[in-house]
Amino acid sequence: MPELPEVETTVRGLRPPLEGRRLTRVETRRADLRRPFPADLRQRMTGATITGLGRRAKYGLIETDRGDVMVFHLGMSGRWRIDPSEIGAHDHLVLETDEGRTLSLCDPRRFGSVDLVRGEELAGFGPFKALGPEPLGPDLTGAHLAGALEGRVAPIKAMLLDQRIVAGLGNIYVCEALHMTGIAPTTMAGRIAKKRLDRLVDSIREVLAAAIEAGGSTLRDYARPDGELGYFAKQWRVYGREGEPCHCGTVIRRRVDGGRSTFYCPKCQK
């Protein structure tokens with residue numbers, strides 16, 4: 001599933017062809033999606049000018065001069081394509097601009113979603129109501145984590161994946177940040193000292209910034225809007241590296257909890 005760096009990279013890639021441009025055509029191409037498109041999407045978006053693009057957690061935001069915000073989630077396999085050579089069966093949404101550019105939202109597994117929300121109602125949009133602070137913003141601090149995790153007996157990894165505590169983190173980058181900080185993923189969250197949480201916040205930011213710089217991590221379907229892959233997988237410290245040596249020489253291990261793989265070094269992470 002695309003995580004924060006992949007969504008941020010996608011948003012940045014969509015800005016050049018979309019920002020400041022008027023949509024001359026909006027076509028929804030499938031009615032049997034898991035989450036159907038809003039019935040009035042074409043009516044409200046056709047003719048609108050895109051005034052800005054942003055991100056909240058793992059959601060992309062496309063703002064218009066009409067006060068609407070198109071909120072998209074890439075699901076498991078979604079990605080945007082700029083000027084595709086052809087529109088395929090998995091291109092479920094197609095946008096055309098007054099500059100003659102074509103953008104398509106391709107989602108083979110159909111777990112993604114598109115919603116249309118009034119800008120003034122965005123904070124109350126269902127998935128956004130209980131989101132925690134953005135990990136790259138000023139509100140995520142060691143003090144915030146200390147307060148949110150106080151008394152919690154759940155593993156730190158599970159807590160970091162809870163979007164109510166930190167918005168946008170996913171499996172890859174939590175594994176990487178915990179390894180960088182030297183915290184075992186099974187450590188009970190409420191027992192971690194404030195100083196270690198301060199370092200954890202720094203590690204989260206460092207990992208995410210590096211991933212965005214590399215264009216995210218391509219696993220199967222993800223690619224940037226221009227078709228380029230994400231190359232952060234070449235920098236993974238532990239994720240996806242079961243049986244390979246950590247930088248300390250210890251063999252990296254994998255455990256499975258709730259169907260999700262966790263990668264860690266038993267020596268470096270305590």
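Cβ coordinates are placed from backbone N, Cα and C, and glycine is handled just like the others.
Keep in mind that this is a model prediction, so the values were computed, not measured.
Per Swiss-Prot, the feature active site, schiff-base intermediate with DNA maps to Pro2; the stated evidence is sequence analysis. Annotation for Pro2 (active site, schiff-base intermediate with DNA): same-chain Cβ neighbours under 8 Å, separated by at least 6 residues, are Thr10, Lys58, Leu74, Gly78, Arg79, Gly216, Tyr222.
Under the heading active site, proton donor, Swiss-Prot lists Glu3 (among others), citing sequence analysis as support. In three-state terms derived from DSSP, Glu3 (active site, proton donor) belongs to neither a helical nor a strand segment and is classed as coil.
Around Lys58 (active site, proton donor), a 10 Å sphere centred on its CB holds 22 further CB atoms from the protein chains shown. The active site, proton donor feature in Swiss-Prot is assigned to Lys58 (among others).
The number of other CB atoms found within 10 A of the CB of His90 (DNA binding site), across every protein chain shown, is 18. Annotation comment: Swiss-Prot describes His90, Arg109, Arg152 as DNA binding site, evidence class sequence analysis.
Here Swiss-Prot flags 237-270 as zinc finger. Within its own chain, the zinc finger (237-270) is flanked in space by residues 155, 157-158, 171-172, 175-176, 178-180, 182-185, 187, which lie at least six positions past its ends and keep a Cβ under 8 Å from the stretch.
Arg260 (active site, proton donor): 14 other CB atoms within 10 A of its CB, across all protein chains. As annotated by Swiss-Prot, active site, proton donor applies to Arg260 (among others), with the evidence given as sequence analysis.
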For the binding-site residues Arg109, Arg152, work out the Cβ neighbour count at 10 Å and name the residue with the minimum.
Arg109
Write out the long-range same-chain contacts of Glu3 (active site, proton donor), meaning residues 6 or more apart in sequence whose Cβ is under 8 Å from its Cβ.
Lys58, Gly168, Leu169, Gly170, Asn171, Ile172, Tyr173, Gly216, Ser217
Per DSSP, what is the residue count of the zinc finger (237-270) in each of helix, strand and coil?
0 helix, 12 strand, 22 coil
State the Cα to Cα distance, in Å, between Arg109 (DNA binding site) and Arg260 (active site, proton donor), rounded to an integer.
19
